[in-house]
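Reading through the structure tokens given below for one structure.
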Amino acid sequence: MMEQGLGHLRICTLCALVLGLVFAYTSADLPMCKRSDYHFEYTECDVLGSRWRVAIPNKAETCTGLPDPVKGTQCTFSCSEGEFLDMQSQQCQKCAAGTFSLGTSIAFEEWDSLPTGFITHGVTTNEGNAFINCSNSIWTPKGEYVASNTDECTATLSYAVSLKKPGALSFEYFYPDSSIYFEFFVQNDQCQSTNSESRWMRISESSWSHYKVKLSKGNNVLYWRTTTYALLGGAVKPVLLRNIQVSGVAYTSECFHCKPGTHSSKEGSARCTPCPADTYSNKGATVCHECESDKYAVPGSGSCKPRPACTNSDYFYTHTPCDSEGKTQLMYKWIEPKICSEIIKGAVKLPASGEKQTCPPCNPGFFVTNSSACEPCSNDSYSDGKGAPSVLTFYSVLVNV
């Protein structure tokens, strides 16, 4: 038995030696890690408010020689608006032109894809339909917003964030269809609900609704959940979310690109500026570009649209003030901002101005001034509106009475 035990010991020792050689060979066979092969993260804060910066490989077993852990910034450390934390140097840096940072807040304004940290999945909640495949019943990015599912599955969108101080969450939503249950709630890392308000969201009347809730210091998990319960063979309108913003984070490790229709021309921008009318910009723009002459854009546009043909609804008429001769003129003007085109086939032209006409009299109690405007009579004077005011005498008082 002793020899058998020693035999097992020799075999185990040999296995460990072989495994060690294999591991050493494998590590030696891997290339040295480049900066693009890993990213930095902070460990959890200890009781003294300290933490370590560690290197995390983007993919396992692709390289070797990761940087050693180093002492991190204090847990109370934060960056200002327009800055981000460069994890390499652990120093705050200004955001480049075309990007922005809210400092101790993070914002999600673009939904070309789900931003990092957001998770969505669908499950069935109807026991009678246990075989329904709900894997595709998820929240779907649509560019400017993210849209919910419209089937009988339950779709959940979640985001986990750790706050270094008490903060807040705000977002905009459009919830037009009562055939969908729509709820929002917050839980801590022990899955305990942290907000006492009702989780059921109110129906949107006709436009986007704004929602804001306070968040506690520490870990918060945000949940948006929808379930359709009355299909009735008709189309169901999805719930839409946009402009999600969370405050109370210590820092952001990246700056966000300006969304289309906005720009930032300087470094260290806290927000992006909307493009003016008849200009546009792409994502991450530093300047806005003018539209071509046959196109237009409303303020904050990411692209230009072809100008439509002018119609009678695109202009209005007005009378000019009375001139020194007591004459006025009928004038036609385009409604501003003018987006229509007069040169397109079928477009109407702006009518010609009318001939000068005698100005109508002022209302009783008003008189015509030297500038041909009507002004109210002063105390102790009166006018029938056709001439200069007269002084109010004792006789005129009796007549008026």
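Think of each number as a place in line: the chain as shown, counted from 1.
Cβ from N, Cα, C; glycine included.
What TrEMBL records for 1-28 is signal peptide.
Across the range of the domain 'Elapor1-like galactose binding' (106-250), the DSSP-based residue counts are 3 helix, 69 strand, 73 coil. If you look up TrEMBL, you'll see 106-250 marked as domain 'Elapor1-like galactose binding'.
Summarising the annotation, TrEMBL assigns domain 'Elapor1/2 TNF receptor-like' to 361-386. Using DSSP to sort the residues of the domain 'Elapor1/2 TNF receptor-like' (361-386) gives these counts of helix, strand and coil: 0 helix, 8 strand, 18 coil.
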Mean pLDDT, the domain 'Elapor1-like galactose binding' (106-250)?
86
